[in-house]
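A short write-up of the structure that comes next.
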Amino acid sequence: MFKLLDGPQTLGRGKIFWSCFLAVLAGALIYPVFADSYDVGNFSYFLIWIFMALGLCLMWGYGGMLSFGQTFFFGIAGYGYGVLAINMGGGTTTIAAIILSVLIAMAAAAVLGYFMIWGGISGIFFGIVTLSATLVLAFFLGQTAGPEWHIGTARLNGFNGMKGMDPLAVGDFYIEGSALYYVMIALIVIVYIALRMLVNSSVGNVIVATRENPQRAEMLGYDVRKYQLLTFVIGSGLAGLSGALYTSWGQFITPSSIGLPAAAMPIVWVAFSGRSDLTATLVGSFLLLFGFQTITVYSQQAALVLMGTLLLATVMLAPQGFVLGIGKLVVDWWTRRRRREPAPTLADAGRLQSDET
Amino acid sequence: MSAELFSVFYQFADVFAFLILSAAGLAIVFGMMGVINMAHGEFIMCGAYVTVGLVNLGVPLPVAQILAAVTAGLIGVVVEFLIVRRFYKRPLDSLLATWGLSLIVTQSMLLIVGSAVRGIGTPEGSFAIGEYTFSTYRLVLFGCAVAVLVGLYIIFMKTRFGVIARATMQNAAMAKALGARTGRIYAISFGIGTGLAGLCGALYAPTMTLIPTMGATFVVESFVTVVVGGANVLLGTAPAAVFLAMIRMALNASYGQIIGQIGMLFAVILIIRVLPEGLSSVLVRRGR
């Protein structure tokens, strides 16, 4: 179990890393005691998007599948939660609504993924087919303003967005404010640990082997398509979790959180952070979301220009990602100082070193 | 009866022109360099804005459209030199780089120009067959789409540049060894591609509302046409457009634009399952 946490596919291991992890977690847990409720709400809002980033990191960094469709599944689950919560009523059923909406997104991912992966689509085409699906969904939802567009009693409302669904609740207790914040923290820790264990397990090794060389993995006897589909469904399901949480957080969702430029955001976070490592993605995405939100208050366009610039700068200057690069420099410097001898060169981020046991 | 037939042809021509004009530039760049230009929509937007700007200054529409296409082409050459050139060995990164560029351009335009610009009306003129009336400009667009296809055929099949370009497309290292300046060929091809995007924007500028995000209207159509066309764009793009236009026309007529677009997407997803290499792979096999 612990071996899976500290396996070869993830960076950061040993006592120092996990002490830092626990320190950050402890800080996050006591944060609401000191901060005012507005800031806590804002933090919950950033944390919503982390799942989507981690899902993309799994698909792209570990699986080698560059999906531009994270907001597609975000939208399906987001609207799914809305439709279910409105039709099934509030209270504890919202928990069922959130689970069902994520399952719907995963089912959609399984169907789309089946056609693409069994068709042998990869690389660039994988990106543009998923992006096409995303944009078409956004266009479709954008023109559903009329009263004839409804599912049950839930009106889709076109560009104005769907609203009026209940937030997450258990019985009469609405999960808001600090409660929602703690739910988010718990979910993130669970997802992060689970993904770490997944990528370090034997399944994860096949996923990485497929990224490195699909033919070779196939020759070794693995049906790579099944592993790719699994990766795609999990990654897209995490985007769906973000979507469902988003709708329940704000009690509304519009097509603009699906189409352009929203579709580019997960790509920017993960590329900037360093797609080949879960921890780098977690940290980097959070920093970017924080920065983005701070600038958006003044000008949304300026914030998006900055995001575009970061994406361009990342691929031109640090294709493996800035956060990952800086993290490696720090580790490099640390080990050199401790050993007083030339540090062993870290294997480049694309292929992590194998377990030397 | 002939009026109905013509009406069907007219609707087909309308969709076909839209697909060809929006996809041609993207297809050329993809076919030559294996790069998908995510800023394609922004070059279309550039063409549209330059056209409208020039027309508002008093330049006649056709001249403005040609100048707009040339402008987009020249900007494309600069972009190729500054950015795209570094990514020919890393096609996935080129996708990200051009997407970053696209974000920067769209959002800067929104900041600088604002959301709406005074448009220019669609050129007047219509004709009637039987009891139906048709807009002449839509047929002009169809003519332009056919002209683009013929023009590309001549450039790539009948000129010296075309021979070298096709050689580069097949095997860049070998072409370079034989003395072709592949770097220059790439720059010119990228310029042709973005110039065609500019032309698309210029031609559709009179028919649309000008907003900085208008490029998004075209990208789905251009993506799916290129995907269905497959790797050999010179062979695949036109049949792909014919095929998609038929589906789209049938659905548009009975269920409206958005269902047409959704239907086209479903068709594409089915196609890639059956023919992952696109239509051109079938044509290449037949040719042998």
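The backbone N, Cα and C atoms fix where each Cβ goes, glycine too.
Feature annotations, courtesy of TrEMBL:
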type     : residues  : note
TRANSMEM : A:16-34   : transmembrane segment
TRANSMEM : A:46-65   : transmembrane segment
TRANSMEM : A:72-89   : transmembrane segment
TRANSMEM : A:95-117  : transmembrane segment
TRANSMEM : A:124-142 : transmembrane segment
TRANSMEM : A:179-208 : transmembrane segment
TRANSMEM : A:229-246 : transmembrane segment
TRANSMEM : A:252-272 : transmembrane segment
TRANSMEM : A:279-298 : transmembrane segment
TRANSMEM : A:304-331 : transmembrane segment
Report, as numbers and ranges, every residue of the chain located at least six residues beyond the transmembrane segment (A:252-272) whose Cβ falls under 8 Å of a Cβ in that stretch; write 'none' if there are none.
49, 52-53, 56-57, 60-61, 68-72, 74-75, 78-79, 82, 131, 134-135, 137-139, 141-142, 158-165, 239, 243, 246, 281, 284-285, 288-289, 304, 307-308, 310-311, 314-315, 321-323
Compare A:46-65, A:95-117, A:279-298 by their Cβ pairs under 8 Å to the transmembrane segment (A:124-142) and return the stretch that comes out on top.
A:95-117
Taking a Cβ cut-off under 8 Å, which residues six or more beyond the ends of the transmembrane segment (A:229-246) line up next to it in the same chain?
48-52, 54-56, 58-59, 62-63, 65, 67, 69-81, 97-98, 101-106, 108-110, 113-114, 117, 184, 187, 191, 198, 203, 207, 253, 257, 266
Contact yes or no, the transmembrane segment (A:179-208) and the transmembrane segment (A:304-331), 3+ Cβ pairs under 8 Å, gap 6+:
no
Taking the transmembrane segment (A:304-331) as the reference, which of A:46-65, A:72-89, A:279-298 gives the largest number of Cβ pairs under 8 angstroms?
A:279-298
State the residues, same chain only, that lie 6 or more residues beyond the ends of the transmembrane segment (A:279-298) and have a CB under 8 A from a CB inside it; answer 'none' if no residue qualifies.
10-12, 42, 45-47, 49-50, 53-54, 56-57, 61, 188, 192, 268-270, 272-273, 306-307, 310, 321-324, 327
